[in-house]
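Trainee: This structure is in structure tokens; I'll ask about it shortly.
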Protein chains: 2
Amino acid sequence: MAATISPLAPKSYPDMPDLEGVRFATASAGIKYKGRTDVLLAVMDPGTTVAGVFTRSKCSSAPVDWCKAILKRGTARGLMVNSGNANAFTGRKGKAAVELSAQIASKALDCGVDEVFLASTGVIGEPLPAEKFSGVIDGLATFENPASWIEAAKAIMTTDTYPKVATATVELDGETITINGMAKGAGMIAPDMATMLSFIFTDAAISADVLQSMLSSQTDGSFNAITVDSDTSTSDTVLLFATGAAAKRGIAPVESIEDARYETIRAALGDLMQSLSHQIVRDGEGATKFVEVRVEGAESDASAKRIALSIANSPLVKTAIAGEDANWGRVVMAVGKAGEPADRDRLAIWFGDIRVAVEGERDPDYDEAATTAVMQQEDIVIRVELGLGSGEASVWTCDLTKEYVAINGDYRS
Amino acid sequence: MAATISPLAPKSYPDMPDLEGVRFATASAGIKYKGRTDVLLAVMDPGTTVAGVFTRSKCSSAPVDWCKAILKRGTARGLMVNSGNANAFTGRKGKAAVELSAQIASKALDCGVDEVFLASTGVIGEPLPAEKFSGVIDGLATFENPASWIEAAKAIMTTDTYPKVATATVELDGETITINGMAKGAGMIAPDMATMLSFIFTDAAISADVLQSMLSSQTDGSFNAITVDSDTSTSDTVLLFATGAAAKRGIAPVESIEDARYETIRAALGDLMQSLSHQIVRDGEGATKFVEVRVEGAESDASAKRIALSIANSPLVKTAIAGEDANWGRVVMAVGKAGEPADRDRLAIWFGDIRVAVEGERDPDYDEAATTAVMQQEDIVIRVELGLGSGEASVWTCDLTKEYVAINGDYRS
């Protein structure tokens, strides 16, 4: 938790509505940080279904392994998250720590060990002192009701400068269901998998396989389309819980992707996931600019996304943005290095609404002053038209500043 | 050309021996820089053979396209290089500029237009005012003899803080042949192709196909095994010229890779190319540490190299090195994100001679103070043992500092 809040932070938080079927408690276990909360415990009503997407890292953390193993059941009663220690690359000690963590939480929640999902975020390679959870979790006699989403989101922060929450409501059968979510992340953010930690809840009743389908289909355009530094975490976890409490209000469960309500909920979920993922980029370590990289006219959507990521991950593009320099030559370089089909002489590039390059060279009407004005804005759109096909993709990133280097030059110590 | 010389710069330059069959001239054409040389013209004796490797960027520069086209002939009489403008992404204007450049040089050298190799380095996207070469090149009545290698290397610098040269001599048939080379590069340095500009000369007589074989086979372990910032240039060019002047001293031409002398020369060339490529890394923009990343025990050499590059290109690993932080957890992260076969629980990691992790967790004998002492050195070796097979690779990189961001936040303007 940094002293200074990102200049790109949202100006206000949404008013998070109560969501029936889930309650939170936070605590200070002193895992690494002092004087702040570092444990989040969520308890969900019996019958809650769960879906998850996880890092594709070959060195995934012990809690990721745990969640993957118990996800098969499709149901959840508890979620425990700690910040300050990722319990990653901790060998047998790491496995023992997740087992102890789940035992402590299951005892407090009076549920099965394999109904407790776990996530840890923080330093890699240090053994997690899970016994510290015992004292604080056992003592949590009552959970807040209504749950405080902001407090929950704060407990899972590491280098984040602000808590990240989003909410959506959907009208179903004349009744309202709610989707609330939180996320954390600021560095070690790269796509191609579920990125960092995010926990999303709905009171709708949705069967586990349908829930998983909703979550997986919306990951590509949200958490898998952001990058801060091209570095992929060992701990990336997105969990979506459906408490089913809305069924008590007469909203029938969604048990098939053919159900007309599936698309309605899925769309709202997608917007919420995109909001959370953009909040992560806006808290990118050292970030001063929020950048959409849009690639159109590629041979395929997948090709467009790889080119967009090549641009969004280029240190030279990102430092130019930090310097408010309309250095579109570096965008050309990043298109060229992506290894994807591209024809230099068909390329066109826009910064904001200004076309800076066309047909493989500088736009004849290029206006440096107007382009610089675009670069001085806080939110910048870089658009590349390849002129080859109809493939398109957007990814979101931030600039690379001296502050990123400062934050990461001494994060661990 | 920066005011401050990289702290990793060589403490002295080698005494570059004369190399028969090539002469240099440098000039100030005022392409972009003031008060320094920015054009290098080399003239080679008739009969000089040439080999080249170039960027695989899909947006290669006009001079790269030119060189690729004329390389088929296998012979060269001239080389003209300018700094300050890359003549990349300049469309038809770029093609016209290389044609005019070659005409101006061929007139001065009294040779065919298609015997003149061209390279340009500097800003991307600005039209190259090739007519400026005319005044300065036409006026170069004489070439320095012996050639000044340091002056030649200085004329091709951009953000380089020092000129890069290397030399080797090889005994053949009781006589000595010489290999001299120069290189430039400090940013936009990434492997997977010939990286940045390097020009290497030998007085040995070597047929063009044999020369190409030598050059190509040594590129993977040298210029293709370095990275400063993971960004691949549009202009990467390595040219190797064999003037054949040694034939006058009775050293028969090397015309087959079965010739016993092939391996002797190839080995010396490889050492020289590695020296030049390491000099580029040591001049990495903002660099304060020179880092070898060595991966062993991978399923294949190619897999080892991809993992090594994932580590060497990770902003989080590089900022930790800048901060002298023995943050081996980030090395684990970078292994995990590489997408290559890896088994977390077999991983072992060394910083220098100190094993920091073994069997998927922190080494039981881990000593923070001893490891920090390694990180405080200027040259650091990070070694990863995967325990899967016999694949191995080394790549070389530098740290990522605030200075890199400062240099690239306002390079163009």
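Residue numbering: from 1, along the chain as shown.
Glycine is treated like the rest: Cβ placed from N, Cα and C.
Annotations in TrEMBL come from automatic prediction, not curation.
Feature list, courtesy of TrEMBL:
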ACT_SITE  A:Thr195  active site, nucleophile
BINDING   A:Thr158, A:Lys184, A:Thr195, A:Glu285, A:Asn408, A:Ser413  substrate binding site
Trainee: When you measure from the Cβ of A:Lys184 (substrate binding site), how many other Cβ atoms are you left with inside 10 Å?
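Mentor: Taking all protein chains shown, A:Lys184 (substrate binding site) has 27 Cβ neighbours within 10 Å.
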Trainee: Using a 10 Å cut-off, grab the number of neighbouring Cβ atoms around the Cβ of A:Asn408 (substrate binding site), all chains included.
Mentor: 28
Trainee: Starting from the Cβ of A:Thr158 (substrate binding site), draw a 10 Å sphere and report how many other Cβ atoms land inside it.
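Mentor: A:Thr158 (substrate binding site) is surrounded by 24 other Cβ atoms within 10 Å.
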Trainee: Taking the Cβ of A:Glu285 (substrate binding site) as the centre, count every other Cβ atom within 10 Å, in any protein chain shown.
Mentor: 29
Trainee: Quick one: of the binding-site residues A:Thr158, A:Lys184, A:Glu285, A:Asn408, which have a CB under 8 A from chain B's CB atoms?
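Mentor: Out of A:Thr158, A:Lys184, A:Glu285, A:Asn408, A:Asn408 lie under 8 Å of chain B.
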Trainee: By the DSSP assignment reduced to helix, strand and coil, which category contains A:Asn408 (substrate binding site)?
Mentor: helix
